Every structure is written in C-alpha cells, then in structure tokens.
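Residues or ranges marked as signal peptide by TrEMBL: 1-24. Marked as domain 'Inhibitor I9' by TrEMBL: 34-112. The domain 'Peptidase S8/S53' annotation in TrEMBL covers 136-580. The feature active site, charge relay system is assigned by TrEMBL to Asp144, His204, Ser529. As annotated by TrEMBL, domain 'Subtilisin-like protease fibronectin type-III' applies to 638-738.
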Amino acid sequence: MAKITTFFFLFSSLLVLFLSSVSADKDDHEDQQVYIVYLGALPSREDYTAMSDHISILQEVTGESLIENRLVRSYKRSFNGFAARLTESERKRIAGMERVVSVFPSRNMKLQTTSSWNFMGLKEGIKTKRNPSIESDTIIGVIDTGIYPESDSFSDQGFGPPPKKWKGTCAGGKNFTCNNKLIGARDYKAKSKANESARDYSGHGTHTASTAAGNAVANSNFYGLGNGTARGGVPAARIAVYKVCDNEGCDGDAIISAFDDAIADGVDIITISIILDDIPPFEEDPIAIGGFHAMAVGVLTVNAAGNKGPKISTVSSTPPWVFSVAASITNRAFMAKVVLGDHGKILIGRSVNTYDLNVTKYPLVYGKSAALSTCSVDKARLCEPKCLDGKLVKGKIVLCDSSKGPIEAQKLGAVGSIVKNPEPDHAFIRSFPVSFLSNDDYKSLVSYMNSTKDPKATVLKSEEISNQTAPLVASFSSRGPSSIVSDILKPDITAPGVEILAAYSPDSTPTESEFDTRHVKFSVMSGTSMACPHVAGVAAYVKTFHPKWSPSMIQSAIMTTAWPMNASGPGFVSTEFAYGSGHVDPIAAINPGLVYELTKADHITFLCGLNYKSDHLRIISGDNSTCTKKLSKTLPRNLNYPTMSAKVSGTEQFNITFQRTVTNVGMKNSTYKAKVVTSPDSKLRIKVLPRVLSMKSINEKQSFVVTVSGDSIGTKQPLSANLIWFDGTHNVRSPIVVYAMS
C-alpha cells in the first residue's frame, strides 16, 4: 500500500469539495465556502506532520491563530491536502502558493435509491461454484449513508477474524459495534467526534451493502411481499462502510475522504450509489478522481448510472475507469388490483401496497374535481400541495396524475389513491393504499367515473407475479450518450434495480411520509442505486476466482459475457445507450476467454486525446504526467475498451476504425474467429482484420482493427452491431455503436 501516497496525488482533483456552508456570524464568515486544497503526495521525511502543515497554511492565509472553525478535514493517509472554509480572496491566495496543486469547491451529491441473484443465475448453495476462503478475504467498501450494524445480514456468525490485509478501523461512534463480517466503519458527516456515528438513518446504505455482500437470511420479506432468502452476491465477503451521506445529501469532500481511507484500508471493490446532480468534467468530479486512484492501485469502483431516464445524455457516471451501471426490471413484479364499482371490473397497477381496505369500496374523486379556488386545475390534477379541498377528499380514494400526489391526498384524509403512471415498469411504496395504473388503464378509470353517477372502487393489497418481459431497462435509468466523452459507450452494464428486497434500517421508515410509522428490517427499493451493488457483488465474485486480475480485466469479463438485450423502441432511449453491453451474467463472467486490459498509462493517453491540459491532467492522475503532441493526437475511441462507439455526421458518409487488443485468459492453443452480427436492415459495413486470432499461451496479447463504414445515418436512431470472438467455447461479445445527434 506504499504506492497509495502517490495515488492520491490524484486528490489534486479532490480539491473539488464545496461543502455549502455559510456561518451564522455574517460579519466574519460571509461568503465562506468549503474548498479542497490538494498538496500532492505526502512528503517522505519523518519529521513531517500533515495536520500541523495544514493548520500553518490556514493561519498564514486567514491571519487567524485559531482555525478550528475553518478546517473541515485533513487528508493525510493516501495523499496530502485538506478541506477548509474559505472566502474567495483566501481561496485565491492559497491557489497561488507554489506548493498547492489545485483548489476546488466541494459539490453536493445525491443518493441513487432477493430474488435478483437467482434471476441472474447466481443461485444458493452447491448450485453455484464458489471459492469460500478467497471470498472470505474479499472486502467490499460501501460509500453511502452508513449501515444498520445489528441486521442479520451483517451477523458474523461463522466468520473468522478479518483478512490480514485489512488496515482499517471501526470508528462507528457510540452504540455502534463492528464484527468479523462488518469489519470497518467511518463517519464523515458528524460535526464533532462526540456525534460520530456510522449508523444508517435512511436505510439506503444498509440496502446497498446487503445487496452486494449481505449474509443469506431466510424468511425475509416486506410485510409478506417478496418472501424468501435475502442475500448478497458474495455472502462470505467482508464489508467496510464509509458514511458520506445523510438526509441533507452527500458532500464531495467527504466522498474524497472515503476514497482516501477505503484504498488505504485495503478494500478490493468500492460500490458507490451516488451521483452528481449535474455532470461535471472529470477534474471536478470526486468519484472520477477517487475512482482513478482506486484503479491505479487495483481497486475497481462501481457506480450508479443515475435516475434521470429515459431522457438521453443523462448518464452521470462517465469515466471509463469507473464501472457504470444501469437498472433493469427482473422476473418479479408487485401488482395492486383496483376493483371498480358493483360490476367488479379489475384494473391492475404496480404498487408495493401492504394495506388492506377489506374489499370495501370507497367514493372516487379526481384531483382536478377537488381543487381549491386558489389553485389551477392543472396543479390540482397532480394533487400538488395546497391544491386540494380537504372536505372533498376526506374518506375517498383520490385520483392523481403525479406519483407524488398521494402524499398530499393522505394528509387531507383520503383513504387511498390511484395514480397515473406513464412509466409502469416499477412500483413505489406509500404509507396508505395506492395503485399506479398505466396510461390506458387510468383513462379507463376516468371514463368509468365520468359515466357513473356514484363511482366507487377499492385498492387491494399487492401480489407478487411473474414478469415475463424481463430483463428490460427501467424507464428511470439514465441514458447515454455521454455528454463528457462522446466516443465511450455509457452506461457499461445493466443489473437488477427494480423492486429489490434487501436489508433496511429500522432507524428509518420505508417512506418519507410523516404518517409512516413502520420500522422494518427488510424493504423494497428501486433505482440504479440498487443495480450498482449487484454489479459490485458480481465483480467481487469474479475476483474470488481471479485474485490478481486488474479492475479493467474484471470489468471486461463482466461486459463481454453479458446477456444481449434488444432495442425495445425507436431512438436512443431503448438502444445500447440504455443498457450498455447488456445484462450482467455472473456465472459466465468468471470464464470470459479474452479480456480487454487497460492500465493507468492507457487512461492518461485517453485523457490526452481529450485535449487535457497538464494542470487538469495532474488533478486526475495524481502524478506529473504530461501530454506530448503524439499522445494528444490519440483518438478517444481507440481506448482499449470492451465496447466500440463513435459519433459521426448524420448527413455524410463515414469510415472509422477502432484499434483493440485482447488478452487470452482462457485456454492455451486456442483459436478465436471473428463474427459480426448485424440486424437484417443494417446500414453498417464492418470489417475485422485479422479475422482469426491464434493464442498459443495464457496471457498472450493480440491486436486487431475494426473498420466501420456507411452512408448518412440521420439523427433519429443509432446503428449498432456486435463483434463476437468465438473459439468453440467462449463468446466474447463487444457492441459496436455509431450515432449522430442533432
């Protein structure tokens, strides 16, 4: 771990933390913000004390002898720097110091809110091949909202002591105990040491941690829904938790600290279901920076793609060294029936509804028909706050055109709600009876109300049904193309992210409703946040069979063995820009045959091809790398990535090439032949040279070139194909995507 110091040279980028804070004393602290000051690598001399140095710099710049209210945190394990509250003039003075690499504002970031493992083929017991001893030495770092340590998912029954490589600590605060399963905890949100607590008060971190590596817990359910055994992908692995988020959000400076500590602590995989609200360049993205340095020392970072779909170019996890995960529906769905009037017509909606109206039918009222005179009809139909007349709503089932509407209806005394759900591929939990109907069924319900003198209905408890359409990308999952790098296909991979049952914190409630008094040990959540730890668990699973594989090799193995997924509609939203390489297949990933390897130097070359200047390159790389004229001419699409993507003119002919190198991790004396699969009406012309790769030994590398040409393609629909290298056993598949945007 000695090289970790150099690694966090990267933290020149860390400097990007803007902990929004304005002091109560406006005269003294007005316009102060939290900035990260990156000082490069830690000096090697024995008499150097980072904290003293940081204090000295702050005292010099601020002119204050007491700087306790200025210094937010000190980085001193894997890199040298600190976060502090500074005015703009103070920031400029520090930035001008010769020793300072860079200074950046902290950013506020957002969370991305188990039969899924069986669905993916990673079954319980002897049905799945495992390496128990290596799995037990595997450590997953979870950067999130903390954890509920008393959960059965994190019991250490049957576990031996932590792996010898573990260098972390249990700093979970009062009433928090680690064990041989949950081996480490750190809190970066506490305002003081006395208030330190890695305990999870939202449920999000507990859910993601248990999804990745929770123990197998039988008879797990959410009020009877989803009953079965809940478990993570690598139940024998250890967990280390880094709390960087609370109900107010996630601070960039805290995230950088978490990466600093996690790498130094000795984790093998990092899962982080957090995104920036905007999409910054790499040098201003704490996850991009932290992930780069993790990659440089052999730690793979897995990140949620975001929940802003189906709009295009909303994927927020864009660095090629960070594994970006989209969310899919699985073969299980929770449905709540709506039974109408006396004739008993049934409409079936999505909902995680645990409440029972005892089949009693209640009067129906449309939000727009219960509007206050001070509110517009358009707002009332959404059931927006302060728009509904409580007298017209109380004791009734209220129709709302917005998924948030039931919260207001419940406040005013409604007994239930029926919601117009334009994206009926996932369910929500509410704290009273609710069903989310498709547009067509909702129109049918409105028609029934308009044609009936006394319309009534009831909402039944949810039932679990088999979903025959899986896997499809969830409508909320963020789509590409990347707004940062047009020639890298993002997201990378798809994993289950809809209605996932996993451990939860009883210190929280399943919803944000003030009326929800439930406290549960397991809950159902949806989001790319839930998909992310699935892939982290798969990555850890692959690593147990190949402990020496680099992050890029593990990522490649997962991507090239993924289940193919088909476009389910026109435009960008249903193509590879929704699902990347396809749907994760854990069993196939442990035996990929060939992998696409990448090193830190390859990523430096890639950044040079993006015309990065030396100062920005230094922020990300953490070293003194520079871009030569030759490197600056490197095309980003020639990064040795498992997918191939290029943006072209939509009105002209094009002829582009991709250069790739594969490493043999399958069998010696194997011959791979290239096969290109396109749709029957494809306009792409694709050539692969050479078309045969003869591998004589393990770890042998061979290169090839893919040439893609075609006529004008327009801007409505990307064109795609698949390159498959086949040796009789392995199918090493790489999507090829060409697109143009208006």
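Keep in mind that glycine also has a Cβ here, set from the backbone N, Cα and C atoms.
Cα of Asp144 (active site, charge relay system) to Cα of Ser529 (active site, charge relay system): a distance of 10 Å.
Taking the domain 'Subtilisin-like protease fibronectin type-III' (638-738) as a whole, pLDDT averages 94 in the prediction. Here Ser529 (active site, charge relay system) is positioned 8 angstrom away from His204 (active site, charge relay system), judged by their C-alpha atoms. For the domain 'Inhibitor I9' (34-112), DSSP puts the residue distribution at 21 helix, 28 strand, 30 coil. Within the domain 'Subtilisin-like protease fibronectin type-III' (638-738), the DSSP-based counts of helix, strand and coil residues read 1 helix, 59 strand, 41 coil. Just so you know, of the active-site residues Asp144, His204, the Cβ with the fewest other Cβ atoms around it within 10 Å is the one at His204.
Other Cβ atoms within 10 Å of the Cβ of Ser529 (active site, charge relay system), summed over all protein chains shown, number 30.
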